[in-house]
Every structure is written in structure tokens, then in C-alpha cells.
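Feature annotations, reproduced from TrEMBL:
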- 196-461: domain 'ComEC/Rec2-related protein' (DOMAIN)
- 12-40: transmembrane segment (TRANSMEM)
- 46-63: transmembrane segment (TRANSMEM)
- 220-245: transmembrane segment (TRANSMEM)
- 257-282: transmembrane segment (TRANSMEM)
- 289-308: transmembrane segment (TRANSMEM)
- 314-333: transmembrane segment (TRANSMEM)
- 345-367: transmembrane segment (TRANSMEM)
- 379-398: transmembrane segment (TRANSMEM)
- 405-432: transmembrane segment (TRANSMEM)
- 438-460: transmembrane segment (TRANSMEM)
Amino acid sequence: MRVRVASLITSWLVGIVAGALSAPHRFTIILIFLGFAFFLYRRIRIQLLIGGCLLVALGYLYGLQSNTKYETSCAPSDTMQATLRKTYALTPTQAQYVFVREDGCTLLVYAPRFPVLVKGTVVSVVGKQETLLRAFASLPEYGEFLRDEGISLVVRNAQVDVLQLGNAPVDMFRIQVVRRIGTLFREPDASLMTAMIAGDQGMIPQSIKDIYRRSGITHILSISGLHVSIIAIVLSFIVGLFHVSSLVRSFIISGLLWTYIVAVGAPASAVRAGVFWTCYVLAYHVRAFVGLLTVILLTLAVLLTISPELVRSIGFELSVVAVCGIGVALFFVRRIRFSSWMQDIATLFAVSLGATIATAPLTLYYFGNVSLAGLVTNIAVVPLLPFVMYLVLVALFFQTFFIPLALVLSFIAHALMTWMLFIATLCASIPYGHFEQISFPIWGIFLYYGLITVLIILLMKHLKIPWRDWWV
């Protein structure tokens with residue numbers, strides 16, 4: 001029964017992906033034919049066979065609709081009133097805000113970083129508005145990317161006058177957290193912890209960003225799927241220490257996980273990882289025999305049904321392969337016998353190593369850089385990340401009424417951050433440990449994942465693991 005459901009979900013996903021990527025009709029027909037042949041080979045019932053083919057066709061039509069862009073005709077204006085939708089990016093001196101005009105047009109506004117604006121703030125924007133084609137004439141790909149993000153116009157060096165303050169409790173909470181971090185820690189710890197806790201990288205010195213980039217751990221400076229995965233695993237371990245029912249543990253873990261995701265602004269990568277781990281945790285703690293591939297397929301089905309255009313997102317591709325890499329690593333680690341305390345350490349190492357190995361070819365293909373030292377750095381640094389984050393959160397909690405304990409906890413967090421920066425600096429200085437501006441062919445991606453697949457098959461045979469364990 002589970003295999004049949006997984007087959008139908010796979011058919012739907014194949015159709016959506018083909019449609020969202022505007023695959024030719026002939027390609028879709030070939031997919032349906034191959035699926036038909038596979039189902040016949042497996043001697044699957046004719047009802048399931050017809051259902052799978054229909055789902056591929058319907059998924060294709062559904063995904064094809066996501067390519068239709070309904071653009072509003074937006075005329076540039078030097079002065080206008082707009083409402084803040086979200087903060088797009090931050091630097092030490094500048095903020096990039098996404099505003100919505102009264103006529104529905106969306107603008108990317110470059111404005112001073114301070115004062116900090118929150119979602120829902122109504123402002124008067126004074127500045128020259130440009131179309132994406134004109135603003136990014138030398139970077140047409142970036143202009144197309146912003147258009148896919150729903151942005152119509154760009155305003156540089158804008159004068160922003162606040163007309164009405166917004167009422168966004170989550171944004172206000174994040175601002176308070178950032179202020180408390182600034183009073184409890186010195187630089188560069190304050191900037192680094194603000195990035196890891198609140199997702200604001202704007203105040204990190206460029207020299208430290210370069211060190212983290214060359215050492216291959218720049219992902220820890222953003223709220224990513226890896227962050228959420230580590231937090232989910234740590235929460236599962238902590239909540240598992242209490243004697244409560246499996247269903248209660250599931251709700252506690254999912255509740256704490258989504259509270260964190262919402263508190264940091266619900267970035268897309270964190271939401272995607274949150275959906276995956278929610279499905280996984282619920283299935284595990286209610287003792288449902290649901291395997292890794294089933295959870296991945298279910299998560300993809302939910303996300304792509306809601307937003308088929310995610311298929312064209314680089315961030316989505318990286319999130320998917322990272323979660324798959326983490327899942328595969330955990331699949332094997334949990335089938336290797338360790339002592340109780342070694343099992344937890346091995347799990348954290350598996351999360352780091354799985355995500356790093358899985359995302360390496362896509363990072364090289366899209367961004368042209370790769371850090372060979374990152375394999376070592378991630379193993380040495382990433383397992384410390386959850387301890388630093390929770391030390392900071394507990395220190396912030398005690399800062400209001402028991403400062404001595406907050407200072408002790410913050411000192412421990414500072415020591416760990418100093419160690420992490422030392423390791424990153426050491427690995428970044430390794431000769432030929434980091435390469436930039438490399439052209440990586442697309443066939444190399446398929447070759448890489450093909451070799452990984454062969455390695456998985458060999459491990460399955462060596463460890464004598466039945467293939468059924470992937471599905472149930």
C-alpha cells in the first residue's frame with residue numbers, strides 16, 4: 001500500500017517538475033511512456049498504472065501554469081507612499097527593503113539601515129524609480145531573478161520618511177533580541193551571534209565573512225535548512241529524555257521548531273526544512289513505519305503543490321539536496337552500532353557531512369567556488385553550533401533577572417565562538433583548500449550524484465540493509 005501511494009506521489013511530482021520547467025510536450029509523453037513501461041515491468045495493476053499516467057499529465061498542466069506571469073504595469077514615480085512588506089538584505093550602513101505601492105507595484109528600495117523598520121510600516125519614499133531592465137542593464141540575470149521574486153521597480157539612495165509605524169510582533173521581538181545580544185557580547189561575537197540567532201548578517205566584518213567563506217562554513221551565518229536540521233535533532237534528543245508519550249513529544253518538538261522558524265522571520269529555506277522535519281518527527285514518534293524516501297516525497301509534494309515555481313529556485317535545489325544528504329547520512333548512521341553517547345555525536349557529524357557532500361556540486365555549478373577544507377571545518381565546527389545557539393538563548397533569558405549566570409553562559413559561548421573562528425581561520429589558510437571562479441559542467445553534477453548512488457548501493461550490500469527500509 002505504501003509503495004503504491006509513493007508511486008502516485010512520484011507521478012504527481014514528475015509532472016509538476018516537467019511543467020514548471022516548461023519541458024516540451026514530447027518530453028512529458030516520453031516520461032509517461034517510461035512510467036507505463038516501468039509499471040508493466042513491475043506488474044502493477046492497471047488501475048494504478050492509469051492513475052500514475054493521469055497524475056503525470058495533470059501535474060504537468062498544473063506546473064505549466066506557474067510559468068504564466070501576471071505583471072502589473074508599473075510606471076516609475078519620484079515620490080509615493082508605500083507599505084513595507086519585508087526586509088530583503090542588510091549591510092552595516094544600508095538596508096534593502098521591499099515596499100508595496102498603493103497601486104500594487106512592488107519596489108526594492110535601497111535606504112539607510114537605521115532607523116530599523118518593521119513589517120507594515122507606511123512610509124513616503126522619495127527617489128528615482130527605475131525599471132529592472134534599466135537598473136540592472138549589466139546584470140540581466142539578476143534583474144530576471146528579482147522579477148521572479150515579484151519585484152517591479154528599484155529605488156536607489158532613497159529618502160524614506162515614516163508616516164505610520166508598523167505593528168509586527170515578530171519583527172519587534174527580533175529587534176529586542178538583537179539589542180540584548182549587543183549588550184551581552186562584544187564584537188565580533190555580537191555580529192556573528194546576531195546572524196545565527198536572528199538571521200541578520202549585516203554587521204559582520206567582511207574579513208570574517210571571507211574567512212568563513214574560504215573555510216566552507218559560511219552557511220552557519222544564515223538561517224538555513226542545516227540550522228533547522230541541527231535544532232530538530234537536538235530537540236529530539238532533549239525531549240526524548242522526558243517520560244512522555246510519543247505523540248506529546250512530537251507536538252513539543254514541532255512546536256518548538258516552528259516557534260524558532262517564525263521568530264527568525266520564517267526564511268524560505270528554514271520553512272522547507274521545517275516541513276520536512278515535522279513530517280519526519282511526527283511519523284517517527286507516532287511509530288508510523290514511514291521511511292526516508294516517503295517523507296522526502298511527501299514534503300516535496302506539499303511544497304511544490306503550493307508553489308510549483310520553487311523548482312526554478314537555486315535555494316530550493318540546495319535545500320532539497322541538503323535535506324536528502326542529511327537524511328541519507330542519518331539512515332546509515334542509525335544502522336551502525338555506537339555507544340549511547342557516541343550515537344549522538346555521530347548523528348551531529350552525519351548532519352554536517354551529509355549536507356556538505358550533497359550540496360558540493362550544485363554550489364560549484366551555480367557559484368563557481370568550492371572549499372575542500374570545508375569537509376574538515378564542517379566536521380570540527382558545525383557540531384558545536386547547537387550548543388552555542390542554546391547557550392546564547394539561555395543567557396538572553398537570564399539576562400533580565402540573573403545577570404551573573406547570564407555572564408557565565410555568555411563567556412562559555414564566547415569561548416566556543418573563539419574556537420570556531422580559530423578553526424575557520426586555520427582551515428581558510430590551507431594552501432589550495434579553496435577554489436573560486438571555477439566552471440563546472442552540468443554533466444559533472446549527474447556524474448557526481450551517479451557515483452554517490454553507486455556508493456549507497458555498495459553500502460547497502462555491505463551492511464546487508466534491505467531496500468524496503470528506504471520506504472517503510
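Every residue gets a Cβ built from N, Cα and C, even glycine.
All annotation found in TrEMBL is predicted automatically rather than curated by experts.
Values in this document were obtained by computation on a predicted structure and should not be read as measured data.
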Item to check | the transmembrane segment (220-245) touching the transmembrane segment (314-333) per 3+ Cβ pairs under 8 Å rule | outcome: yes
Item to check | Outside the transmembrane segment (438-460), six or more residues from its ends: residues with CB under 8 Å to it | outcome: 328, 332, 357-358, 360-362, 364-365, 368-370, 467
Item to check | Intrachain neighbours beyond the transmembrane segment (257-282), with Cβ under 8 angstroms and 6 or more residues off its ends | outcome: 87, 170-171, 173-174, 197-199, 222-229, 231-232, 235-236, 250, 288, 295-296, 298-299, 302-303, 313, 315-316, 318-320, 323, 327
Checklist outcome for this item: In this predicted model, the domain 'ComEC/Rec2-related protein' (196-461) has a mean pLDDT of 79
